[in-house]
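> From TrEMBL, here are the annotated features:
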- 27-316: domain 'FAD/NAD(P)-binding' (DOMAIN)
- 344-409: domain 'NADH-rubredoxin oxidoreductase C-terminal' (DOMAIN)
- 444-489: domain 'BFD-like [2Fe-2S]-binding' (DOMAIN)
- 504-522: transmembrane segment (TRANSMEM)
- 550-567: transmembrane segment (TRANSMEM)
- 579-599: transmembrane segment (TRANSMEM)
- 611-634: transmembrane segment (TRANSMEM)
- 655-677: transmembrane segment (TRANSMEM)
Amino acid sequence: MSIAPATSAATPGSRAAAPGETSVRTRLIIVGGGMAGFGLCDRLVRANALDRYETTIIGEEPQPAYDRVNLSRYFADPSPDRLLLAPREWYAAHGVQLRTGRRVVQIHRDHAVIVDDHGQIDPYDQLVLATGSHAFVPPIPGADLEGVFVYRTLSDLQSIARACRQRQAKVGAVIGGGLLGLEAAKVLQDLGLSVSVIEMAPGLMPKQLDSEAAGFLRERIESIGIKIHLVRRTQSIRHRDGGGLTIDFFNAEPLDVDLLIIAAGVRPNDELAESAGLEIGPRRGIAVDECLQTTDPNIYAIGECASFRDHVYGLAAPCYRMADVLAQRLCGQASTFTGADESAELKLLGVQVASLGRIIGESPGGNVITHHDDRGYRKLLVERGRIAGASCVGDWDEVPQIRQAIQKGQRLWSWQRKRFLKTGSPWAPGGALPVTQWPPDATVCSCLSIPKRTISELVAQGITDPLQIAESCGASTACGSCKSLVSELAGATPGHTVLPGANVMLVASLVALLMGAIWMVAPPVDMADSVQSAWRNVDVLWRSDLARKVTGYTLLTLTLLGLVISLRKRWNWFRFGSYGFWRAVHGVLGTSVIVGVAIHTGLRLGSNLNFLLAVCFLSAGVLGGITGLASSLENRLIGTTGMLVRKYRPRLTRLHLWLTWPLPVLIALHILSFYWFSD
C-alpha cells in the first residue's frame, strides 16, 4: 500500500485551513471506542474543547462505548443500548465522527496517518491510543474448543447466552477466582446453571484479599450454592463423549461441565503501537510518561493499554483519571498523571467486597487491625499511625469515609483503634465527616473516579434529581454504593425516618432542659418557719434522715440503672429491644435523676463535696438533655442544620459520658460522710 506523505508536519495547528474553514482545527483521532476513549471525548465535550479539534473515534466493536463495569446487566435486559455510555446521536450532536466495527491496523508515524482494516487512510495531528485489553487465555490444551468462552466483551456475553440455550447447559465452570471470574460465575448461576469456580491460588481474589478475607468470601459464596475449588492446576480441556467438556487437573479429579468460561485476567492491546515502533513496557503495555505521551510526542496512550512506570492499570477508575489528565493537557493545562488509586469496591454475588488503598500484605512495616462478626470481615492497615489501606467482605456503609481517610492519610488514634476492634468502625455513630463537607477533589464514585466537584457542579446547574445526576456523570451507576452520597450532595437524602423511641427521647430531653433551667433561676426551697406550718409535712424530706435515705437511695438506683443501660450497645449478648428503645429508657432515667436531685436537695447545691456532686449531677443531666435532643432530631433534620447536628452529636455524647465518670467516687464519698457525721 502506498502512503502519500503528509502535507505538513504533525504539529497541532500547523496545517493550512481548508476552504470554507474560518480557523484551523487540530485533527484528533482516538483509536479505541471503549470506556477510556469515550471518557476522554466526554471530558473534552464538558470542557467545550471540541471546537478546536476535528475529532474521530474508531472502535473495533460494532457498538459505541458501553459500560464494562456492569456488563453482567446485559442478561437482565438483553438490549445492548441499555449499556451504552452514550447513544450514537450524542457523538453526532457534538461533532464527533464515530466509526464502529473498524480496526486500525497500521500507524505510519513518518506520514502521521493511520490505516484501518478497510484500507481507509486518515491523517492526524494528535493520536490517542485507547485500545484497551483482551482476555488472557492460558496455554491450556483444548482452550480453543467449542464450548469454551472468555468473559470480556458484549459479544462474549451474547455467545455465552446463545450457547446456554442451544446446548441446554446445566453445569458450568469458570477458571479464575478474581473479580471477572466471580462475576462470570454469577452470570452462569443467573442463567440457571450449577457453577464451579476454579482458582489456582489458595484464595479468591488473590490480588486484593488476604487469606482470612478470602476465606470469609468463600464461605459467603458457597452459601449461595457456588462450588469453589482452590489450588487447582488445569492440565487440559477435552470433549466429553455424549457432549460437553471435561476439565483435567494435575492435582485433582476431572470435572465434567457443559460450558466453560476462562476469566484468567487481561493483557494490554499494544501490538499496534509495537508495530509502529513505540516503546513497550517491560510487562507489556504502551510506555507513557507523566504527560501520557508515548515515545512519539504526537501520540498518547490511555487506559488499559498504557504502561505508566512499568505498571498497567486494569480498573475503570485509573483509566478515567488518565482521561482527565489528557483532556486537561489537550485544553492547554499543565496537568500530569502521577498514578491512580487501584481500590476495588463492588458487589460480588450479592456480597460487598472492597480493597482500598495499599493492599494488606504488601506493607511489611504496617500494623493490621481486624474486626470480624456475623455481618462481615473488616481490616484496616495502619502505617505510622495513619490509615493506609483497608479491606472488607460484607456490608460496610462507611467505605466512602474509609476511602477518604486513606486518600488524606488520616491519623487513627488509639481510642479509634479500640472502637474499630469492638464495633467495626473507627468513628462513633455519625462521627464520620458528611460528604457535603468533603473537599472538592474527594472521590464520591470510586468505580468511575467521579469527584465531589463534578456532582456539585451539576447541582449548581439546577440538576438536583439523583437519577438525573447519575445519567449526566455516571455517579452511582456502577456498583451503586455511592447512591446515598449522591443523594446527600443533591439535597435529596432519602430515608429520614424516626427511630424507635425518638419521640420519648425528645420529650425526656426537653423536660431535662426545663429542670436545668429551673435549677439556675429558682431559689432553694424554704424550710417551714413554724412547727404548726403545713409546710412541715413537705420539708420533712430534708429534715428526716429516713426521708433523706429513701430519696437518696432511690436517686442512686436511678443513676446506676441509667449508667448500666448506657452500656447496652456494648453488650453483644444482650439483644432484647432495639437500641433506640433503650436509649429512650436511658433518657427517661436521666431526666428522673434531675428531678430526683431536686427532691433530695430541695434545690440546694450544698458546699464542698456536696457542691461538686450536685454540679456534676446537673451538668451531666443538662448535657444529656442537649445530647438527647440532638439524637432524637438528627434523622429529621436536613441541610446544613442536619449536617451540623450529625457532626457534633457524637462529641456531645462523649462529653456527657466524661461528666458521669466522677459520679461513682463523689456518690461514695457523699454516702460515707452522711453515715460518718450522722448521730
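Placed from the backbone N, Cα and C atoms, the Cβ positions cover glycine too.
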> Could you give me three numbers for the domain 'NADH-rubredoxin oxidoreductase C-terminal' (344-409), the DSSP helix, strand and coil residue counts?
9 helix, 36 strand, 21 coil
> Taking residues 6+ outside the transmembrane segment (579-599), which of them lie with a CB under 8 Å of any CB in it?
499-502, 504-505, 508-509, 511-512, 515-516, 518-519, 541, 551, 554-555, 558-559, 561-562, 565-566, 568-569, 614, 617-618, 620-622, 624-625, 628, 631
> Looking only at the domain 'BFD-like [2Fe-2S]-binding' (444-489), what is the mean pLDDT?
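It averages 76.
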